[in-house]
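Annotated features in TrEMBL:
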| type | residues | note |
| --- | --- | --- |
| ACT_SITE | Cys361 | active site, proton donor |
| BINDING | Gly248, Glu290, Pro291, Gly292, Arg293, Tyr390 | pyridoxal 5'-phosphate binding site |
| BINDING | Arg293, Arg330, Tyr334, Glu362, Tyr390 | substrate binding site |
| DOMAIN | 34-388 | domain 'Orn/DAP/Arg decarboxylase 2 C-terminal' |
| DOMAIN | 40-296 | domain 'Orn/DAP/Arg decarboxylase 2 N-terminal' |
| MOD_RES | Lys66 | N6-(pyridoxal phosphate)lysine |
Amino acid sequence: MHTYGTGRVNKEGHLEIGGVDVVSLAEHYGTPLYIYDVALIRQRARGFKDTFEKLGVTAQVAYASKAFSAIGMIQLAEQEGLSLDVVSGGELYTAIKAGFPAERIHFHGNNKSREELAMALEQRIGCIVVDNFYELELLQSLCDEQGEEINILLRVTPGIEAHTHDYILTGQEDSKFGFDLNNGQAEEALQKAMGMKGVKLLGVHCHIGSQIFETTGFTLAADKIIQKLFEWKGRFQFESEVLNLGGGFGIRYTEEDEPLAPSEYVEEIIKEVQVKTKEFGLAMPEIWIEPGRSLVGDAGTTLYRTGSEKYVPEVRKYLAIDGGMNDNIRPALYDAKYEAVLANRVNDPVEETVSIAGKCCESGDMLIWDLPLPKASHGDLLAVFCTGAYGYSMANNYNRIPRPPVVFVENGQAELVVRRESYDDLVKLDLPLNVTVRQ
Ligand SMILES: *Cc1c(COP(=O)(O)O)cnc(C)c1O
């Protein structure tokens with residue numbers, strides 16, 4: 001078994017995370033259950049932050065909260081001195097409810113509404129990452145109306161797409177996000193933003209992709225942007241205080257994935273920005289990054305109880321669990337791969353290959369194909385690793401299945417941070433048919 005963070009097998013042969021036996025967690029909180037290894041989240045956060053500090057570079061490490069947004073998680077990010085990315089009014093509201101310092105919140109998104117932008121101004125958040133011309137217009141009218149001031153970054157698309165193991169350089173990137181760096185859009189946005197009252201343009205932002213295992217994509221993007229900044233200094237006397245290079249640092253879902261340590265990504269990025277800014281005679285900007293998955297992804301484990309089986313002779317055995325695409329839609333959505341063990345019998349020898357089926361009325365609700373396991377029967381516990389990012393945050397109520405709770409474990413202690421949804425929660429938005437309009 002590959003272990004993550006504090007994960008280990010105890011003398012009963014049970015999986016233990018954060019010093020807590022997961023069999024006891026299942027008994028106490030029920031299944032399915034999301035378990036987060038808090039020490040691993042802290043370790044990752046420090047891995048990013050300490051590298052900037054060690055190299056004396058002013059930085060912000062913003063947790064991309066779309067990966068897993070809940071009040072407890074945001075408070076943990078605050079404890080670790082991270083900044084925070086939000087992409088909607090709902091994520092911003094969660095951050096505010098958690099008491100997160102507004103000046104360290106950054107607001108992203110390609111279609112922020114007038115109401116969402118007004119909320120951001122009212123809360124005096126640290127920065128809005130402006131995506132398009134419509135947003136610039138909305139912001140100007142809101143700043144005029146509310147008499148507020150706001151910091152912004154311009155999101156640019158440098159024409160580099162990172163595909164996990166390779167990079168596609170395109171002249172003009174076909175993306176719904178940001179101002180194109182190659183066709184003049186970015187210059188137009190820059191001039192508009194520089195002329196706006198109440199708006200302070202801090203710099204530029206780009207985000208090249210997700211689950212990236214090398215540094216080349218980041219350094220290529222940095223090169224292209226710094227080249228542009230040199231041009232912009234000459235043409236517009238604009239100097240960027242901030243260079244935000246986004247998130248997307250990869251994690252190990254299965255043995256095929258070989259991610260770098262946070263420090264390795266950060267060191268390479270810093271080195272490139274230092275070399276290039278020096279080459280072009282530019283001041284070293286603050287560097288901001290935005291890890292989501294790499295902070296919380298492999299810190300999360302989902303625990304399920306096994307139930308029914310179906311044997312298709314000479315084809316396969318299906319083993320069903322008490323969750324599925326409700327709590328983890330990634331296999332159905334993008335064919336994501338996971339590894340898992342029988343958490344109550346980790347040391348038992350592997351005896352068969354089974355395919356793990358979810359409980360939704362949907363043939364595509366398969367969590368893992370062809371998983372080697374000890375002979376499992378109903379009532380065993382299946383632990384699926386690396387479900388901490390885009391698991392709970394993408395959870396849904398298809399088939400009116402309540403969403404599982406989230407528990408944090410650390411130093412032998414467990415703490416519930418999201419309670420299990422109840423059937424009452426499921427119907428609380430429903431309104432009965434209005435009898436007065438009946439014929
Ligand atoms: C999604 C996203 C991130 C985080 O991506 P991860 O792959 O989870 O690290 C960071 N920045 C922006 C702008 C994003 O859209």
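From the backbone N, Cα and C atoms, a Cβ is placed for every residue, glycine too.
Automated prediction, rather than curation, is the source of TrEMBL annotations.
Projection of TrEMBL feature records onto the structure.
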| residue | record | Cβ within 10 Å |
| --- | --- | --- |
| Lys66 | N6-(pyridoxal phosphate)lysine | 20 |
| Gly248 | pyridoxal 5'-phosphate binding site | 23 |
| Glu290 | pyridoxal 5'-phosphate binding site | 26 |
| Pro291 | pyridoxal 5'-phosphate binding site | 28 |
| Gly292 | pyridoxal 5'-phosphate binding site | 23 |
| Arg293 | pyridoxal 5'-phosphate binding site | 25 |
| Tyr334 | substrate binding site | 10 |
| Cys361 | active site, proton donor | 8 |
| Glu362 | substrate binding site | 13 |
| Tyr390 | pyridoxal 5'-phosphate binding site | 23 |
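Secondary structure at Tyr390 (pyridoxal 5'-phosphate binding site), as computed by DSSP, is coil. Apart from Gly248, Glu290, Pro291, Gly292, Arg293, Tyr390, the residues listed for pyridoxal 5'-phosphate, the same chain places the Cβ atoms of Ala64, Ala67, Ser210, Gly247, Phe249, Ser294, Leu295, Gly297, Ala389 within 8 Å of the centroid of those Cβ atoms.
When the C-alpha distances from Gly248 (pyridoxal 5'-phosphate binding site) to the recorded positions Lys66, Arg330, Tyr334, Glu362 are tabulated, the minimum falls on Lys66. The average pLDDT computed for the domain 'Orn/DAP/Arg decarboxylase 2 C-terminal' (34-388) is 95. With a cut-off of under 6 Å between the Cβ and any atom of ligand 1, the recorded positions Gly292, Tyr334, Cys361, Tyr390 reduce to Gly292. Sequence-distant neighbours of Arg330 (substrate binding site) (same chain, 6+ apart, CB under 8 A from its CB) are Ala336, Tyr390, Gly391, Met394.
A separation of roughly 27 Å, to the nearest angstrom, links the Cα atoms of Arg293 (pyridoxal 5'-phosphate binding site) and Glu362 (substrate binding site). Glu362 (substrate binding site) and the residue listed as 'N6-(pyridoxal phosphate)lysine' have their C-alpha atoms 26 Å apart, to the nearest angstrom. For the pair formed by Cys361 (active site, proton donor) and the residue listed as 'N6-(pyridoxal phosphate)lysine', distance between Cα atoms is given as 27 Å, rounded to the nearest Å. Secondary structure at the residue listed as 'N6-(pyridoxal phosphate)lysine', taken from DSSP and collapsed to helix, strand or coil, is helix.
Calculated from their C-alpha atoms, the gap between Lys66 (N6-(pyridoxal phosphate)lysine) and Pro291 (pyridoxal 5'-phosphate binding site) amounts to 10 Å.
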